Amino acid sequence: MTEPIRLEDKQRAFAELRSIKAGFAAKGWFPATSGNLSVRVGGFDPESFTFAITSSGKDKSVETPEDFLLVNEKGLPTEATALKPSAETLIHSEIYRLTGAGAIFHVHTVFNNIVSELYWSKGHIPVDGVELIKGFNIWEEDAHIEIPILPNYAEIPRIAALVEGALQPKIPGIVLRKHGIYAWGANSFEAKRHLEAFEYLFEYVYRWNLLNPSSK
Ligand SMILES: CSCCC(=O)C(=O)COP(=O)(O)O
Ligand SMILES: [Zn+2]
């Protein structure tokens with residue numbers, strides 16, 4: 001039996017999401033209502049857990065009392081609400097189930113879209129020796145990493161079904177082709193650091209390719 005979520009845990013999760021949402025909005029990371037954010041709230045059992053997630057279709061650069069709701073591991077609201085969870089909730093559920101993460105953030109940016117297309121045929125975005133790889137806690141000198149890319153199917157369950165096969169043990173993120181990045185971490189602080197590192201690396205890869213068109 002799953003323990004009911006305590007009001008203070010729910011409020012803490014919503015406050016955390018509110019602050020992350022405002023910070024990402026200030027960076028312009030939620031164009032045209034895109035993006036979604038979640039944090040795990042309770043029930044750390046991989047088979048039954050609860051997380052707070054952004055409601056679907058909202059302007060995420062605006063703060064309202066209807067921005068977040070709680071859902072279970074199947075992505076269904078755990079409390080009576082008129083709010084709809086993010087259309088991409090099932091991807092969050094699958095990432096929580098497989099990684100035990102504490103927070104997952106998804107944004108659409110021009111850089112993540114372009115590099116996903118640039119490296120689509122390889123199935124991953126390679127990055128070599130850039131210092132910010134250390135943002136993933138990879139401290140090896142001249143580290144080489146490969147960030148997985150999944151197809152952007154219209155049906156979210158089809159994408160969710162591919163997450164397990166795409167996960168790279170040291171890489172806390174997955175890119176959807178010409179769609180956006182999912183980055184996660186043990187908590188919001190770590191998931192934010194990971195997302196910022198990914199976005200820095202995507203911009204680096206994009207600019208490197210512009211300057212060195214034959215290097216790919
Ligand atoms: C106009 S954004 C298209 C849907 C999407 O990719 C996204 O990230 C936002 O969907 P949500 O249901 O979470 O608002
Ligand atoms: Zn999206």
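Please read every residue number as a count from 1 along the shown chain.
Here the Cβ of each residue, glycine as well, is placed from N, Cα and C on the backbone.
TrEMBL annotations:
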{"type": "DOMAIN", "residues": "15-206", "note": "domain 'Class II aldolase/adducin N-terminal'"}
{"type": "BINDING", "residues": "H106, H108", "note": "Zn(2+) binding site"}
Is H106 (Zn(2+) binding site) helix, strand or coil when read with DSSP?
strand
Roughly where does the domain 'Class II aldolase/adducin N-terminal' (15-206) sit in mean pLDDT, to the nearest integer?
97
